[in-house]
Amino acid sequence: MSDQHVHGPRRTHPLTPLLTGWKVLAGVVAVLLAQNISALVDEFTWRRALLGGGILLGIALLAVVLSAVSWWRTTYEISEDGVTLRSGLLTLTRRVAPRERIESVSVERPLLARLAGLAKVRVEMAGGGESHLDLAYVTARDAEEIRTRILRVAAEIPQDAPAPGESAEAPVGPTGAAAGGPAPAPSGIGASAPAEHPEAALAAEHPESAFAAGHPEAALAADRRSDRLRAALHDGVTGGELIAQIPTSRLIRSLLRDVSLLVGAVFAVLWAAFSIGLLLTVEGYGFASLAVALPIALGLVRSAFSRVESGWGFVSRNTDTGLRMRRGLLNTRTDNIGSGRVQDITLHRPLLWRGPGWTRAAVTVAGIDATDDAKATSVLPVGTREELARTFGHLVPGLGTEDDSSLIEHLLTAPAAELGGTGPRSRLYFVGRRTRRVLVLPGAIAVRSGILTKRVQIVPRERIQGLSLAQGPIARRVGSATLSVGIAGSSAELHDLPLADALALQETLAADARSGRRYDRERTWPQPPLAGRPALAAAAR
Amino acid sequence: MTEIGPSPAPAADAPPARSPETWAERAGLLGAAGLKPVSEKLIPARYLSQAVGAVLSLALVAGCVWLVIRFDWWWMWILAILPVLWTLPGLLLTPRRVRALGYLDGEHELVTASGLMFRSVTTTPYGRVQSVEINEGPIARRFGIARLTFSTASTDSGGWIDGLPREEAERLKELLTRRGIERMQSL
């Protein structure tokens with residue numbers, strides 16, 4: 001399997017039309033039923049029922065035939081130049097993800113697809129808007145193989161080279177359990193295998209990573225079985241050094257410590273009590289007030305559920321193609337974020353997470369739409385200090401200080417006045433001057449903000465694209481200005497700085513922006529200090 | 001309000017000790033020191049493109065006044081003021097807005113500035129520019145000026161320069177493209 005460089009044109013799984021088409025069909029049936037249900041029941045005759053059923057069957061058949069033809073015409077191809085997707089019934093459309101524009105690859109497994117043992121591969125490209133390519137649906141095992149291939153194409157690793165850190169890539173999903181091991185890449189070459197021998201302490205802490213990252217040929221049969229089980233549980237995210245793993249108990253506790261959810265829940269309970277009271281005392285208003293609260297309650301449940309979904313069973317590991325993450329309760333997904341692709345990282349510490357010291361971290365990657373529930377870019381839904389330090393060390397080239405992780409902790413906890421750096425000074429910004437600080441560190445700028453939820457945005461200085469200084473009439477009177485630091489796909493807003501500081505910062509950062517990285521091969525870029533060097537993970541602790 | 005901060009003019013920060021040359025510099029606008037002004041032809045061009053709106057609002061005002069006189073609807077005066085408020089600032093401020101525009105193709109980066117009341121100064125290194133575009137509408141063509149738009153990978157930076165003489169726009173486009181290739185920086 002590893003001898004072929006090109007993944008020739010292939011079709012997606014034959015079940016694809018069913019998985020993509022069932023919603024449309026269900027929608028048609030639901031609309032028809034909902035609009036005519038009373039008429040249907042009132043005037044029920046067998047003749048009509050047969051006629052209606054026949055029409056529905058006809059529509060279904062037509063839909064199936066059409067989608068089958070469209071499935072037949074849809075092929076994907078992975079070559080050294082990138083990924084190509086051809087589709088279309090009459091006019092052939094050809095969508096290409098060129099090699100150099102591929103930012104990341106994620107494998108998503110919505111509930112239905114998961115039941116069928118299928119998965120969707122999404123190739124994220126640099127660029128705004130709808131810049132992704134979906135290969136849907138393929139078998140879970142194929143998905144893993146495709147993912148590996150695309151990432152290797154993107155990273156310009158020859159297809160026959162081994163993949164360190166992903167070596168024990170056991171087949172996954174219900175269908176995967178049958179095959180022994182067409183692991184996309186057998187382990188090998190030591191020189192390019194930094195993650196091959198995870199450092200001892202970590203291995204002892206998580207015994208599974210000992211063989212996960214190690215030697216499949218040496219693994220015993222019993223190990224293999226548990227390996228396979230674990231691979232199925234973790235969607236194949238078993239290879240490589242463990243960076244973060246979120247136990248369910250921590251996830252639940254983090255939700256219970258979420259102020260907005262708590263306030264919402266308390267409000268919902270109070271409202272329900274009020275409505276019931278109304279129901280018992282005054283005629284006719286109770287139901288109405290319950291009905292008013294219903295959408296809000298549903299929204300609350302939905303947001304809580306999406307939080308659960310985005311953190312459930314979260315595992316992230318370091319592989320040679322970047323950070324690999326798995327998450328999801330009903331719909332599972334695995335994402336891949338290359339360390340060279342991260343434009344900035346934002347850390348959040350809500351009020352009640354300060355006690356246990358938990359942090360939420362999200363990154364910006366050019367091309368991955370942040371509005372898409374930000375699942376792929378949420379690199380740590382709720383992590384401990386050690387996990388944050390490891391995640392940070394594997395994704396960002398570092399702040400350039402002696403002890404980055406304690407500095408980050410300091411940024412997340414200390415009052416603004418103790419942070420140093422610069423920030424709003426005028427008395428006009430009575431909130432900002434107590435919460436906002438900007439620190440220029442050797443490797444990055446750190447922007448702290450937030451009253452209850454402490455927020456720290458860290459932008460590596462070499463990523464700065466441009467600067468914009470803005471000043472309105474009020475700011476002119478108090479002698480301040482807002483500096484906006486542009487990075488690909490996002491920006492960092494340094495609000496209301498004193499004018500002199502803003503001008504000085506603009507000078508410094510403009511120099512960074514122009515002397516940043518020259519366009520060159522990715523491997524010569526500055527790498528995160530911990531990426532591919534597990535021995536340092538302990539030092540970061 | 002609290003004590004007034006340093007004077008709005010960044011005079012203390014302007015490195016070259018020379019007499020201000022452009023209107024924007026003399027007015028002490030933020031970051032105006034050393035910037036090149038755009039063509040004054042932009043002023044009539046902008047007036048011309050505002051003409052349709054101005055004529056329309058004049059017609060509205062005339063209509064309102066006529067209603068006031070004809071039917072004695074005194075409250076129509078209030079309605080008559082609205083189009084005036086809508087158009088007058090544009091008519092009055094256009095010359096100053098145009099003179100507040102500025103740009104500088106420096107050694108390493110392109111600096112653009114715009115705005116009178118709400119002013120913004122953008123710095124874009126040549127190596128970060130992703131695309132350059134010259135727009136030339138029918139009115140602008142008549143006056144021999146063009147608008148240069150450039151963008152970076154960031155949604156926030158990038159910008160535009162309006163009212164460039166056509167040769168200057170071509171020169172800047174050439175410069176941005178050439179320097180962009182020379183100093184190409186990745187994301």
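Numbers run from 1 along the shown chain.
Placed from the backbone N, Cα and C atoms, the Cβ positions cover glycine too.
Curation plays no part in TrEMBL annotations; they are all automatic predictions.
Note that the structure is predicted; figures quoted are calculated from it, not measured.
Taken from TrEMBL, the feature compositional bias 'Low complexity' covers A:168-200 (among others).
Marked as compositional bias 'Basic and acidic residues' by TrEMBL: A:515-524.
What TrEMBL records for A:532-541 (among others) is compositional bias 'Low complexity'.
Averaged across the domain 'YdbS-like PH' (A:71-150), pLDDT for the predicted model comes to 85. The domain 'YdbS-like PH' feature in TrEMBL is assigned to A:71-150 (among others).
Marked as domain 'YdbS-like PH' by TrEMBL: A:443-509 (among others).
The region 'Disordered' annotation in TrEMBL covers A:157-200 (among others).
What TrEMBL lists as region 'Disordered' is A:515-541 (among others).
Tertiary proximity for the transmembrane segment (A:20-37) is limited to same-chain residues at least six positions away from its ends with a CB under 8 Å from its CB atoms, namely 56, 59-60, 63-64, 67, 112, 136-137. According to TrEMBL, the feature transmembrane segment maps to A:20-37 (among others).
Per TrEMBL, the feature transmembrane segment maps to A:49-72 (among others).
TrEMBL lists A:259-279 (among others) with the feature transmembrane segment. Residues 285-287, 289-290, 293, 296-297, 300, 303-304, 307, 350-352, 452 of the same chain, all 6+ positions outside the transmembrane segment (A:259-279), place their C-beta atoms under 8 angstroms from a C-beta of that stretch.
Helix, strand and coil content of the domain 'YdbS-like PH' (A:71-150), in residues and according to DSSP, is 22 helix, 41 strand, 17 coil.
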